[in-house]
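Encoded as structure tokens, the structure appears first; notes follow it.
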Amino acid sequence: MSIDTIVAIATPPGRGGVGIVRISGPNAYAIALCLNGNKALQPRLATFCSLYKGNNEVLDQGLVLYFKGPHSFTGEDVIEIQAHGSPVVLDLLIKESIAAGARLARPGEFSERAFLNDKIDLIQAEAIADLIQASSDTAARMALKSLQGDFSKKINQLNEELIYLRMYVEAAIDFPEEEIDFLNDGNVSQLLQKIIGRLEDIRSQANQGVLLREGLSLVIAGRPNAGKSTLINNLAGRDVAIVTEIAGTTRDIMREHILLDDIPLHIIDTAGLRDSDDLVEKEGIKRAWQELKRADCVLLVVDINNPDQQNSLLNELRLTLPNKIPIITVYNKIDTTKLTAKCDEHTVYLSAKTGEGLDELKKVIKQVVGYQPTEGQFLARRRHLQALDEAKALLLTGQSQLTNHKAGELLAEDLRLAHQTLCEITGEFTSDDLLGKIFSSFCIGK
């Protein structure tokens, strides 16, 4: 439990009908009495009060709500003052609260206290920020599922199975004189494989959540005049890039953000890739390659009337980019041929000018990045994926120790490390540095 009391404005900056000031800590109730002229407050009831300055001058009127700890969001005594949404009034309430003994809260400190007081776990704390920042209806619903504990329950169930397996393995090590060889009776191997399978399922679901939360960096590349800028204009539904018949019109990076079936898509148009003596164009090409190396997915746009462009540039991309970055080849300008729009796993035929084939392109993008919306989906972060991948690697190492070497002690250690890694997701075992990084990204007042 914290020894100091914090205060912050909990509503967005600017003017509004209502503004909320939140106070949390051991002196929250006493500070509220200083502000409302010593008018008694009942827990979990809204009380209409005049709000005073230190000189007993009325500064506003509003509702004051008292949540007595531990039955509050933070687990501490919490006061919420609903005043008129004037920045001046809210600032005065903050100043009076500080004068009465509070200090200004750090970003995310209310949620941090809720976590430290076991009111929420780390996944739920992150979900609060994700819900506030959600970019679509689906992302908001999935963030709410994480806040309600859907993701946490899956991790906790996995940990329970892992704890049982650890007990089984360590019992086999501690009691080697037993007639039954627990490590070789097949039960340990079956339990371990079941846990690995469940972890893979959770990882797949979490990946969908990461796509919804963070979106994709989609870089459009190709030779000059292949139709890249026309394509980004069509995807955006408006003219964001200059389009001319002159090759090399695009010199710098062009960015646009859209939603693709609720996935935030960060589209990046780049300069045409070719050898050039023009200093400005060379810089644009250099930046294009930098963006390509950071991409989640690359669209290689090829003029269908010049298909020879495709082979040399595709080979160059494959040699230069990491293998994990998928490349979709887009044959553009089918409106100048007798071809119709079509697609397969990594290839699309379309017309960026007319929009024919655009739906096929969107379908292929979702397939290539593995987006498959399912029931029970929740929002997740990249750190969750990293922890799940690390835990899986440890379990596979332990499986190898069991299968190839019958090394019970080494298996037990890998299981322990995997368990600890999974606990980092919910915050049961988490470094102070990680906590500071997570909560500092929150809004003040949350």
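For all residues, glycine too, the Cβ spot is worked out from N, Cα and C.
Same-chain residues at least 6 positions away in sequence with a Cβ under 8 Å from that of Glu80 ((6S)-5-formyl-5,6,7,8-tetrahydrofolate binding site) are, in sequence order, Ala10, Ile20, Val21, Arg22, Ile23, Val64, Leu65, Phe67. Taken from Swiss-Prot, the feature (6S)-5-formyl-5,6,7,8-tetrahydrofolate binding site covers Arg22, Glu80, Lys119, Lys446, and the record attributes it to sequence analysis.
Annotated domain 'TrmE-type G' per Swiss-Prot: 215-370, in sequence order.
Annotation comment: Swiss-Prot describes 225-230, 244-250, 269-272 as GTP binding site, evidence class sequence analysis. In the three-state DSSP reading, Lys228 (GTP binding site) counts as helix.
The K(+) binding site annotation in Swiss-Prot covers Asn225, Thr244, Ile246, Thr249. Cβ neighbours within 10 Å of Asn225 (GTP binding site), excluding its own Cβ and spanning all shown chains: 18.
Swiss-Prot lists Ser229, Thr250 with the feature Mg(2+) binding site, giving sequence analysis as the kind of evidence. Around Ser229 (Mg(2+) binding site), taking its Cβ as the centre, 24 other Cβ atoms fall within 10 Å, counting all chains.
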Quick note, Ser229 (Mg(2+) binding site) and Lys119 ((6S)-5-formyl-5,6,7,8-tetrahydrofolate binding site): C-alpha atoms separated, nearest Å, by 50
Secondary structure at Arg22 ((6S)-5-formyl-5,6,7,8-tetrahydrofolate binding site) (DSSP, helix/strand/coil)? strand
Rounded Cα distance, in Å, between Asn225 (GTP binding site) and Lys119 ((6S)-5-formyl-5,6,7,8-tetrahydrofolate binding site) is 57
